[in-house]
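What Swiss-Prot says about this one:
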type: ACT_SITE; residues: Cys117; note: active site, proton donor
type: BINDING; residues: Lys22, Asn23; note: phosphoenolpyruvate binding site
type: BINDING; residues: Arg93, Lys162, Val163, Ser164, Val165, Asp307, Ile329; note: UDP-N-acetyl-alpha-D-glucosamine binding site
type: MOD_RES; residues: Cys117; note: 2-(S-cysteinyl)pyruvic acid O-phosphothioketal
Amino acid sequence: MEKFRVHGPFTLSGTVDISGAKNAALPILFAAVLATEPVTLTNVPDLKDVDTTFKILRKLGVVVERDESGAVQIDASKIDHYVAPYELVKTMRASIWALAPLVARFHEGQVSLPGGCTIGARPVDMHISSLEKMGALIELDEGYVKATSNGRLHGARIYMDKVSVGATLSVMMAATLAEGTTTIENAAREPEIVDTALFLNAMGAKISGAGTDTITIEGVERLTGCQHRIVADRIETGTFLVAAAVSGGKITCRGTKADTLEAVIEKLREAGMEVTVTEDTITLDSKGQRPKAVNIRTMPHPGFPTDMQAQFTLLNVVAEGTSRITETIFENRFMHIPELNRMGAKGEIEGNTAICHGVEKLKSAEVMATDLRASISLVLAGCIASGETIVDRIYHIDRGYEHIEDKLRGIGAKIERFSTKFEE
């Protein structure tokens with residue numbers, strides 16, 4: 001079992017190159033299944049979840065190669081297998097995205113019910129019901145979702161009862177090769193959906209309205225090859241901005257876009273931080289000041305992202321004042337608070353709200369990561385706590401943060417990865 005040993009307290013300052021967004025790379029990799037010709041993707045992050053996706057694609061018969069520059073070539077022209085198996089899918093919920101492209105192009109697909117982070121219910125029901133409205137026949141059998149269609153799927157009006165990034169992406173992929181026009185109402189508006197639509201359109205799809213709550217897709221008969229650069233990771237960007245805010249530092253995030261992160265930047269400014277933006281950089285300068293407490297309510301984009309909630313929990317537990325953080329997207333997403341409390345934080349959980357009473361300093365402790373974003377908040381807590389903090393279960397971090405130790409060391413953190421042969 002791998003762990004991080006983090007020494008503190010240190011001020012985190014410097015420049016960080018932001019990686020491609022995991023939450024765009026994964027759906028785009030699965031969407032490449034729709035193309036009859038090879039596609040080339042650049043800015044694909046080097047992550048566990050990306051590797052798992054490569055393995056799933058290869059299991060389907062897709063040729064996947066990453067060259068020395070990091071570019072990924074995907075050739076789905078010779079797919080000969082239509083099942084995404086349990087042993088791969090169990091580690092990653094995003095694997096449900098294999099289903100829509102398979103049934104859209106080959107009229108059949110099977111995906112094991114997925115795994116991933118343990119942050120409450122993330123049902124696949126909306127993916128399934130939307131495909132059924134487009135003419136797919138769905139069976140749930142022995143832990144697998146099996147989808148078939150009699151010829152091409154057909155366009156439909158799909159109203160999302162709840163704003164869902166995953167289901168919006170599934171429908172968008174399926175609709176590209178459907179007969180007729182599909183309209184998604186109450187669609188998710190995340191930048192990663194916009195990026196996936198840009199990729200699909202580069203392959204010849206006809207998608208309009210991505211980034212708004214109504215997306216229209218006119219089906220085409222086939223999709224062809226293209227080149228596409230994955231959008232920068234706004235959550236990684238936000239994470240490093242928070243690192244500067246909580247440590248009294250100044251960090252510039254390079255190769256990123258401020259317009260994908262407006263709610264987060266607004267809250268950082270409200271916390272008393274100076275944030276300056278250019279076309280492709282965002283800089284946070286704390287001026288050595290302690291942040292002020294800010295209330296947070298997670299919402300679908302363009303609201304405050306749930307994937308930044310844990311980082312702002314850390315900010316609030318070391319801020320001046322008391323704050324309330326309300327989580328409206330996922331259940332059970334405050335598992336980092338008891339761990340932060342072990343480090344001297346004063347956080348309470350009341351249902352879907354956390355109340356944070358700011359303290360001046362954290363102290364080191366042994367803590368355990370519970371999901372991807374919680375884990376990075378514990379690592380940053382270790383960077384600003386006095387003494388040596390051990391963070392366990394860091395495999396969560398490797399799912400979503402590329403070369404995290406190198407990037408943290410580059411801004412002044414003292415962090416090392418080590419292995420224990422067995423769990424005590």
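Any Cβ shown, glycine's included, is placed from N, Cα and C.
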Legend entry - For Lys22 (phosphoenolpyruvate binding site), nearby residues of its own chain (Cβ under 8 Å, 6 or more apart in sequence): Pro45, Leu47, Asp49, Val50, Asp233, Arg399, Gly400
Inset, instruction - Report, in whole Å, the straight Cα-to-Cα distance of Asn23 (phosphoenolpyruvate binding site) from Val165 (UDP-N-acetyl-alpha-D-glucosamine binding site). - result: 10
Inset, instruction - Please name the residue among the binding-site residues Arg93, Lys162 whose C-beta has the most neighbouring C-beta atoms within 10 angstroms. - result: Arg93
Inset, instruction - Round to a whole number and give the Cα-to-Cα distance in Å for the pair Asp307 (UDP-N-acetyl-alpha-D-glucosamine binding site) and Asn23 (phosphoenolpyruvate binding site). - result: 11
Inset, instruction - Go through Asn23, Ser164, the listed binding-site residues, and name the one with the sparsest Cβ surroundings, counting other Cβ atoms within 10 Å. - result: Ser164
Inset, instruction - Name, in the order they occur in the sequence, the residues of the same chain whose CB lies under 8 A from the CB of Ile329 (UDP-N-acetyl-alpha-D-glucosamine binding site) and which sit 6 or more residues away. - result: Thr298, Met299, Pro300, Thr306
Inset, instruction - With an 8 Å cut-off on Cβ-Cβ distance and a minimum sequence separation of at least 6, pull the same-chain contacts of Val163 (UDP-N-acetyl-alpha-D-glucosamine binding site), or say none. - result: Asn186, Ala187, Ala188, Pro300
Inset, instruction - Calculate the distance in Å between the alpha carbons (Cα) of Ser164 (UDP-N-acetyl-alpha-D-glucosamine binding site) and Asn23 (phosphoenolpyruvate binding site), and round it to a whole number. - result: 13
Legend entry - DSSP three-state assignment (helix, strand or coil) for Asn23 (phosphoenolpyruvate binding site): helix
Legend entry - Asn23 (phosphoenolpyruvate binding site) versus Arg93 (UDP-N-acetyl-alpha-D-glucosamine binding site) - Cα distance in angstrom: 12
Legend entry - Asn23 (phosphoenolpyruvate binding site) versus Lys162 (UDP-N-acetyl-alpha-D-glucosamine binding site) - Cα distance in angstrom: 19
Inset, instruction - In three-state terms from DSSP, label Val165 (UDP-N-acetyl-alpha-D-glucosamine binding site) for me. - result: helix
